């Protein structure tokens, strides 16, 4: 029997240091910087929902025409590291200019300039590149919607409470002063400061993820490293993001193939970018973006429109003119509350349901519920009329609260699911950035035509005998998703173990 000679004693570690292999970890520091950049978009987008009808009214536009111009201004918004920074700088300047708008034309032009600076496609690609490991990609991509939901809380609150400050806080902002003459400037100046903060942190601490430019000198990152060294901090997370290094250790041949396929110097072909599945999902992304952003705009108009007059009464089943006449502060609270619902859904509902049922199933759930909810919204006015003066308005308010909460939950489930499905449909790593950029551009087109078209329909409906036209139309648009959903096929994991890891995460 051969003799085994032990060279270790009882003080030796059970595992040699060189045998301990750490898998890739989620790069939380880098993703946090991306989240700060991402939150700028929803704040800019949603802050105006609280005061846009009042702003348009202040330009001398008649009550019946507010819907048209609100839709046009909202639609105007839709039209790798240097790109992120450039987008944030342009967004900051355009936001300040929008706050000082004195006419419809100026508001449309400056809002359009904000829309031209969108970073969502770039940010989504960077997030995916920061976490190349498939087990972590879902979590990394989930941080950006979380930042969006945080922005949907912050934006309406800023817009609602800081617009027209001379009227709301005369002791702090005296009548006749600067902010009385520019009543929409204060919220936009604060938003611009927040954008500057996110952009400055990205300039200093965000690592370049584009392979062809990672070796280039980055003056901002060099300055950031000096700051890190002075305070003993580090925002670089090469250990946590080194998915390629981890693959080389465990599967060197596969890693070499993956690197060759992801070579950023070889642009992908359109046939590689737009696979049949990607085409279906891009169409679904377009429809989702169109009807969800349009719904938020219609909510703003519906709740800000003054009540109907005796000359234009409610006539069921299709004519329910007017709205609830909420002011900017009340609208700000309403949209901030909906933002809280969205962020709670993102944190506690979406991930467990996605793990249990899958993203395609969540997309189906949202597509089933959305048309029903949109169709029900205008009929809350009939409830309000029925219970007015009887102490029973709680019936109307409870119904509205339930409908809006379900709409907010559906927004998280539906949009998150389709975004993840689009990302997962990429045929290769090098096609991911192009696919994300193309999908974002197509979705932006939906965001452009939706609010403008349905803002016009809202005005037409208020003037005619069919005030439910925009809501019925929106329900039909949401229902059209079922033309494409049956064509979507979900990729199956390559092995059971991989599925278990994904489920645990």
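Glycine residues also receive a Cβ, built from the backbone N, Cα and C atoms like all the rest.
Residue ranges 255-279, 280-304 are listed, and TrEMBL annotates 280-304 among them as transmembrane segment. Range with TrEMBL annotation transmembrane segment, chosen from 214-234, 361-381, is 361-381.
In summary, the transmembrane segment (469-485) lies against the transmembrane segment (361-381): three or more C-beta pairs, each 6 or more positions apart in sequence, are under 8 Å.
Sequence-distant contacts of the transmembrane segment (96-116) (same chain, six or more residues past either end, CB-CB distance under 8 Å): 44, 48, 55-56, 59, 61, 69, 72-74, 76-79, 90, 182, 184-189, 192, 444, 448. Against the transmembrane segment (361-381), stretch 401-423 has more CB pairs under 8 A than any other of 280-304, 324-349, 401-423. Tertiary proximity for the transmembrane segment (324-349) is limited to same-chain residues at least six positions away from its ends with a CB under 8 Å from its CB atoms, namely 46, 49-51, 54, 142, 145-146, 149-161, 163-164, 168, 296, 299-300, 302-307, 381, 384, 404-405, 407-409, 411-413, 416.
Confidence across the domain 'Major facilitator superfamily (MFS) profile' (1-491), taken as the mean pLDDT and rounded to a whole number, stands at 79.
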